Amino acid sequence: MAGTQACSATRFSCPPHFTEMSPDSEPSRFSLEALTGPDTELWLIQAPADFAPQCLNGRRVPLSGSKTVKGKLDGKKHRYRVFTSSPQAREATLLASSSEAGGRLTCAPAPSGSLRIMEGPQEYLLSRVPLQLIPTSLPPQIPAGLRPRFSAFGGSPPVTGPGSASALRSPTSGKRKSTRKGTDASSDTQEAVNRHGAMEVKTALGNLGVSVKKRKRYFMQEEMEAKTMEPVAELPVPSATSSKKRKKSKGTETSQVEHTEPVAQTEPPEGTFLFPTKKRKRQKEADGTEEVDGIVADSQPQVIVEAQEETILLSPTKKRRKEKRQNLGMEAEMGPPGVLMVTEHSEHGLQAEVALVSPKKTKKKKGKRVGETEAALPDDFEPQGALAPSKKKERGARL
């Protein structure tokens, strides 16, 4: 049975692309004893068929990574690319002859790594074949009839031309403006209602369609009228002259108050009822004129401003007529309750007083007689000043 098993065992057959060699009697350098030495390492090298190991004599080969190695053989330069890799388990199994086994092949230890040698691009090929240039990318070209759009998604497209301003305006812009105007008008009318407390103003202005500026002016005019009406209610005689007349009257008021001697109207105490006559006037010219001077000093602040402004613009003849009318009207009104003592100075009487009495003595007498007149007058006395003749009359009387 054993013989039959031995006869049936197949012999080792040489694989394809390998040649069978008979072992030499001399020990080979790839014997098992040489490979297992302490100073030797076993590396598996894979190279092309036409590779000549002599071209890499004296060259350093990397044991990790990859490197391009140049070699020279028979005057020709060769370039090889060497790749190294660590051995893997059961990647390759080496069989070596052993002298101990009588020259038979035995399994050798596993190699330390593997080297793969590949042919690189040769220099003569690189020098002869020109390199192909990579074309640079051209900038994008916009075809004719198209326009670039540099706006975000949902934005309005750019519009050029005369109609750009109208096209850019959104259809809702007019509505917004109208609503804003409506809110402004309503706020103005509400303020007016709060100030004056009248809801009719809002409805009237809204129906007329007055603009906002006109409404503001209307309300400002109402405020000014309300302010001006307050002092009118307190004063008995409002001033109706213009601004120009007021400016002229300011300069002349001081001079007229000093020089003029207006006619004083007095009310005597109850029980005496006297009528003004020419005889009494002439009798009391000497004594009454001095008393009138004291009364005039007290009645000067109550001179009516409006009458003074009117006398500046009137001629002297018209002034006299107007004074007579005023005196007659005042006498008609004040006639029944009491008697009005009107003192009028004639030109001859004034000239006589100026000639007899010196100005220094009159000043001293005025201070004394003012106190006498105040004591003689009743408690209810209220002097009312009327307008006196103009400056021309006074100058003529003093001359």
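Note that the numbers count up from 1, one per residue, in the order the chain is shown.
The backbone N, Cα and C atoms fix where each Cβ goes, and this holds for glycine too.
The region 'Disordered' annotation in Swiss-Prot covers 1-28, 148-200, 230-297, 314-336, 359-399. Residues annotated as N-acetylmethionine in Swiss-Prot, with similarity to another entry given as evidence: Met1. Annotation comment: Swiss-Prot describes 1-11 as compositional bias 'Polar residues'. As annotated by Swiss-Prot, phosphotyrosine applies to Tyr80. Per Swiss-Prot, phosphoserine is recorded for Ser137, Ser173, Ser299. Per Swiss-Prot, phosphothreonine is recorded for Thr277. Residues or ranges marked as compositional bias 'Basic residues' in Swiss-Prot: 390-399.
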Students should find that the Cα atoms of Tyr80 (phosphotyrosine) and Ser137 (phosphoserine) sit apart, in Å rounded to an integer, by 35
So Tyr80 (phosphotyrosine), by the Cβ count within 10 Å over all chains shown, scores 20
Going by C-beta under 8 A and a gap of 6 or more residues, the same-chain neighbours of Ser137 (phosphoserine) are none
